[in-house]
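A.B. asks: One structure is given below, represented as structure tokens, and several questions about it will come after.
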Amino acid sequence: MTKTMSNKESLEKLIFALDMGGGLDDVMSWVRRLAGHVGVFKVGKEAFTRFGPQLVQSIQETGSRVFLDLKFHDIPNTVARAAEGAVELGVAMFNVHALGGMSMMTETVESVKKMAGRRELPMPLILGVTVLTSLNDEDLQRLGFTCTTGELVLRLARMAQDAGLSGVVASAQDVEAIRAACGKDFVIVTPGIRGLARVAGDDQKRVLTAEEAVRRGSDYLVIGRPIRTAEDPVAAADDFCREIARGLSAR
């Protein structure tokens, strides 16, 4: 795909999820294969537990950016110290569970600012996880919540913004409400993105296509299986970039 300015912008919004089996060499083969076709590589619990900081550093050595998707959720001091470690790793973005509360989020923001300033490192985006895309209203009721997923997402997004976070991770179905409540500068990262055909074994319930998610206001899209299981993963990534570009044009 020719990298015009609009395509470059769409590429930077595409996050590839490195959620797969195999060894470090297998994971890095995906990074090398897709570098230049996606903007960010997401390192989640599966990959980080197996390979640790070495994986983050190996990705960065290719010139690519990293989204550290560990969803920190603990007492404020513990999360703040973990966040400082994320700054030292030089990741472009990382996340915390907004359900960890206001104190946890505000202390994390302050610690990250201090660490980045002290080490003269770039300030990463700090994202609040709202409601996992695998959960629906029935799931929340079983957990004891009396609100809908949309209501809880909006409440947590506002709390994250008040705490000073850069943005949130939220389903595309919640993007418009978040954008209206939190404004145009609040970053929204959207998982649960699928192609026109759903992936076999899909366990995410609140999903949309890339074009529709961007049209609604998503800033970054997390895509894994639809690229990884495609016959031609590079072509699939390029197709998603084109979808993103169409969504941007339709805003």
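Placed from the backbone N, Cα and C atoms, the Cβ positions cover glycine too.
These came from Swiss-Prot, pasted as-is:
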BINDING   ASP19, LYS42, 69-78, THR133, ARG194, GLN204, 224-225  substrate binding site
ACT_SITE  LYS71  active site, proton donor
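In the displayed structure, how are the listed features positioned relative to their neighbours?
C.D. replies: Taken residue by residue with DSSP, ASP19 (substrate binding site) is part of neither helix nor strand, so it is coil.
According to DSSP, LYS71 (active site, proton donor) sits within a strand segment.
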A.B. asks: For ASP19 (substrate binding site) and LYS71 (active site, proton donor), what Cα-Cα distance in Å is obtained after rounding to a whole number?
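C.D. replies: Each residue's Cα considered, ASP19 (substrate binding site) and LYS71 (active site, proton donor) end up 15 Å apart.
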A.B. asks: Give the distance between the Cα atoms of LYS71 (active site, proton donor) and THR133 (substrate binding site), rounded to the nearest whole Å.
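C.D. replies: Between the Cα atoms of LYS71 (active site, proton donor) and THR133 (substrate binding site), the distance comes to 14 Å.
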